[in-house]
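Per TrEMBL, these features apply:
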{"type": "DOMAIN", "residues": "34-284", "note": "domain 'NADP-dependent oxidoreductase'"}
{"type": "ACT_SITE", "residues": "Y53", "note": "active site, proton donor"}
{"type": "SITE", "residues": "K78", "note": "site 'Lowers pKa of active site Tyr'"}
{"type": "BINDING", "residues": "H115", "note": "substrate binding site"}
Amino acid sequence: MTRTIKLADGKSIPALQWGNGSGGLNGKHDPALEYGITALKAGVKAIDTAELYKTEVATGEAIKQVGAKKADIWVTTKTHPDYCSAVPPTPEAVRANVQDRLSKLGFKPDLLLIHNPFVIEGLKIAQFWTALEDLVLDGTLEGVSLGVSNFRPQDLEAVLSVARIKPVVNQLEYHPYVLTHLQPVLDIQAKHGIVTEAFGPLTPILRHPTGGPIKPILERIAERLSKETGKKVDTAAVLLLWTVGKGVVAVTTSTKENNIKKIVQVDNELPDLTKEEIDEIESAGRKIHFRYYAEHMSKDFPAPNLPEDL
Ligand SMILES: NC(=O)c1ccc[n+]([C@@H]2O[C@H](COP(=O)([O-])OP(=O)(O)OC[C@H]3O[C@@H](n4cnc5c(N)ncnc54)[C@H](OP(=O)(O)O)[C@@H]3O)[C@@H](O)[C@H]2O)c1
């Protein structure tokens, strides 16, 4: 079974995804190709790439080389307004940028995101959105879902105030330790049916100095699942199950075959967490604030007055 999440435009997006923008893959064609092939062979059904990562060609190549049907693999890419040829980007420059995405991938992505709202001075992010919508409406991006990434409340409001097509997702650093900060964003998204995609979902166990208050809870649940399933379930798997249990798409990655297989195992072989477990992780996580990708979401969106650890 591949877990999916329904988007507002009716598509079903794979809930567990493998990205080639971190873990040493960002900007590197050959490793992104090699590990993309490993991931697809292991059973990964969705790849997250971006103009910024310079891994779109590798993404298309990996799908071709394993002989997968494009229709069976979900691909998300991201356009970066700063890279448009005109400053600030004109509709023609946005069109040229998007056509470059299609030609680098070798096909239309399933989902195209604006990577970041922090764009060239003078550009209104809403104008960029309008230019993308025009490309959907004139058929250039027919069938492609549109979304955003790293959008704060004010960025979402700016786009929603002009949107003829609402963004279907906002891709954010998302895990229990940023939930309190993200609440205003999540409230807007709930109102408009915008699904959250989590990047950095493993931050609490990988990047927080101690693991913080959710660590013992994750360990206890990992032990329960290991006993009940007879498989070795780690705390990374529990965090990914928590993420999808929240109705959020988990965008993780690995360049270790064993860990890549575990991502697929989470999807295909492990049961959902109970509601009580999901709530317990959430309420412990909300008590602290710890963000790894500090360059995102921090400007003009004050962090809550919470400790980084308890
Ligand atoms: N929109 C944005 O601005 C943005 C920003 C950042 C990232 N992203 C996207 O999100 C993707 C994932 O981001 P992320 O790297 O921050 O995600 P993450 O899931 O928090 O961390 C991924 C790291 O977890 C490790 N890992 C995987 N499985 C593990 C396991 N079972 N046990 C222990 N460690 C494990 C991997 O290392 P090993 O290789 O050692 O397994 C990998 O480097 C990126 O590749 C990119 O596509 C988007």
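Even glycines carry a Cβ here, placed using N, Cα and C.
Keep in mind that TrEMBL annotations are predicted by a computer and have not been checked by a curator.
The average pLDDT computed over the domain 'NADP-dependent oxidoreductase' (34-284) stands at 95.
Taking every protein chain shown into account, K78, H115 are the recorded positions, and of these the Cβ with the most other Cβ atoms within 10 Å belongs to K78. Of the recorded residues, the residue listed as 'substrate binding site' and K78 (site 'Lowers pKa of active site Tyr') place their C-alpha atoms 5 Å from one another.
According to its DSSP assignment, K78 (site 'Lowers pKa of active site Tyr') is in a strand. Cα-Cα distance from K78 (site 'Lowers pKa of active site Tyr') to Y53 (active site, proton donor): 9 Å (rounded to the nearest whole number).
In the three-state DSSP classification, Y53 (active site, proton donor) falls within coil. Around Y53 (active site, proton donor), the same-chain residues at least 6 positions away in sequence with a Cβ under 8 Å from its Cβ are N20, G21, L25, N26, G27, A32.
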